[in-house]
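TrEMBL annotations:
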- 6-150: domain 'Flavodoxin-like' (DOMAIN)
- 12-17, 59-62, 97-106, ASP132: FMN binding site (BINDING)
- 188-207: region 'Disordered' (REGION)
- 206-447: domain 'FAD-binding FR-type' (DOMAIN)
- ARG382, ALA383, PHE384, SER385, GLY416, LEU417, CYS418, SER419, TRP596: FAD binding site (BINDING)
- THR460, SER515, ARG516, LYS521, VAL522, TYR523, VAL524, GLN525, ASP558: NADP(+) binding site (BINDING)
Amino acid sequence: MPSPQLLVLFGSQTGTAQDVSERLGREARRRRLGCRVQALDSYPVVNLINEPLVIFVCATTGQGDPPDNMKNFWRFIFRKNLPSTALCQMDFAILGLGDSSYAKFNFVAKKLHRRLLQLGGSALLPVCLGDDQHELGPDAAVDPWLRDLWDRVLGLYPPPPGLTEIPPGVPLPSKFTLLFLQEAPSTGSEGQRVAHPGSQEPPSESKPFLAPMISNQRVTGPSHFQDVRLIEFDISGSSISFAAGDVVLIQPSNSAAHVQQFCQVLGLDPDQLFTLQPREPDVSSPTRLPQPCSMRHLVSHYLDIASVPRRSFFELLACLSLHELEREKLLEFSSAQGQEELFEYCNRPHRTILEVLCDFPHTAAAIPPDYLLDLIPAIRPRAFSIASSLLTHPSRLQILVAVVQFQTRLKEPRRGLCSSWLASLDPGQGPVRVPLWVRPGSLAFPETPDTPVIMVGPGTGVAPFRAAIQERVAQGQTGNFLFFGCRWRDQDFYWEAEWQELEKRDCLTLVPAFSREQEQKVYVQHRLRELGSLVWELLDRQGAYFYLAGNAKSMPADVSEALMSIFQEEGGLCSPDAAAYLARLQRTRRFQTETWA
């Protein structure tokens, strides 16, 4: 390969932007172009002034926010003191990934495009607006955009004479080679890199803290449709500290049964030890994997075999397949024309990588182990709102976890990897340790002692507000107003006794909405409207902050609509003024949301 010319930088929350970036890297290598692929926050952003050609792949999260792994880059690139000629030598293109059901569709990609132009960059193409809502997903926009991109790029950087493109059916070299060891090494033991108790350095993704689980308690009634757990960890000696609104990241593992099945289908010995050797000089081995590592450890803690495979999985699997019939089907699934069929086979029923490999047994049995890390993505950490305050529970960290389980047309129920793994852990049967670390969340609470807060948290959305209420009460702040929604008072009313105790002490005003206890469903937005005069008084006269957390589907829009009607009815504002009032609350961070899909 020639020296790196193309740089692909991604901001990814769920892994789609990373997957698209790695596809760009592969397509560049097929065209004999040197290419580096990096997360935006791991790239030294001051070096951008020396980059001739950069492709940015950016997801938009929540209410138009950048993903976590590009937040530092985002702050830097919008600094007011950057000169308007800073990027005048850079050609760039931006590929956005978003969801058109949200108001701020692909907001991050559009805003970054404008900013790079302001800094003197030259755009090769208009922004690509990938849309999750399209029946074929983002690929419907990405495929034609990439064709145009390569036409432009190869015009600027023609391949060296005599070097032709590597055809799609030929596999590219794997990123790593696995060097199998004949016997166990005499020194060193296999295990995760972890932050040890007493360490001064706060735990992180590359060095999580193995926190002892103290309790794992179901908090929904036995007849309730959903299993929700209150889980408590001991963080003594971890140097972890957090405030209300922060989140904990947990690194889950695959089930032992799935690990065994995977090893059987691929003909792997779980106890086989190996070391990883990167093929390229600028590629480093994953920090989460010990060296040497066993196949069992790799499959248990690293390979996301329970995830739904992306199109790139089928592309590589087709290249590696030696079985004519299976290869034909895999090629069909990886082609642009086969995307509807792939969606029906894979995405709609949430079929997992492990299940797909079982459906293509001849191909699975012939996968060279070197390609495992190219074929299967790494397990991503899951974020949970912290549901407790260190002021109330010193050295403890609590989370509220809804165990994800649903049925599709496949016989086996679909299960969330992390929530099912956490639910399966029982500290009553012996010590249990969970790899975790903490990062700031998107909610920040006012520090002034007499500022009231209105918190709207239906379901498990109440978790960050329990932390906030505990923290505020411990600091003597009593203006706490909680709108909580659930189905039934006796089934999923989380922390009922705790709220009632705080009400008795005049530390909390609780407004519950039980949606199924009467003929007409009653949700938090209905309760807000009923108490419209109080909400207006708190926001307009007392400078209250308003918070919203929970499911992103329709609740945030319903709550915003309720607020708009309160501003009109109680504040006497016309519709445009009510919208401007709401926008001002958002701009001044007096209206904050944390929602999840």
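Including glycine, each Cβ sits where the backbone N, Cα and C put it.
Structure with TrEMBL features highlighted.
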residue	record	Cβ neighbours (10 Å)
SER12	FMN binding site	23
GLY15	FMN binding site	16
ALA59	FMN binding site	30
ASP99	FMN binding site	19
TYR102	FMN binding site	19
PHE384	FAD binding site	23
GLY416	FAD binding site	18
VAL524	NADP(+) binding site	27
ASP558	NADP(+) binding site	15
TRP596	FAD binding site	15
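Taking DSSP states H, G and I as helix and E and B as strand, the domain 'Flavodoxin-like' (6-150) has 58 helix, 34 strand, 53 coil. Neighbour counts of Cβ atoms within 10 Å were compared for the binding-site residues CYS418, VAL522, and the top value is held by CYS418.
For ARG382 (FAD binding site) paired with ALA59 (FMN binding site), the C-alpha to C-alpha distance reads 17 Å.
Here TYR102 (FMN binding site) is compared against the binding-site residues PHE384, THR460, VAL524, ASP558, and the shortest C-alpha distance is to ASP558.
Listed in sequence order, THR60, GLY98, ASP99, LEU129, ASP131 are the same-chain residues six or more apart from PHE105 (FMN binding site) with CB atoms under 8 A from its CB. Under a cutoff of 8 A between CB atoms, and with a sequence separation of 6+ in the same chain, the neighbours of ARG516 (NADP(+) binding site) are ARG487, TRP488. A gap of 28 Å separates the Cα atoms of SER12 (FMN binding site) and ASP558 (NADP(+) binding site).
Nearest Cα neighbour of GLY416 (FAD binding site) among the listed binding-site residues (THR460, VAL522, ASP558): THR460. Neighbour density at the Cβ, taken as the number of other Cβ atoms within 10 Å, is lowest among the binding-site residues ARG382, THR460 for ARG382. The two recorded residues, VAL522 (NADP(+) binding site) and ALA59 (FMN binding site), have Cα atoms 34 Å apart. Taking Cα separation as the measure, PHE384 (FAD binding site) is nearest to THR460 of the binding-site residues GLY15, ALA59, THR460, VAL524.
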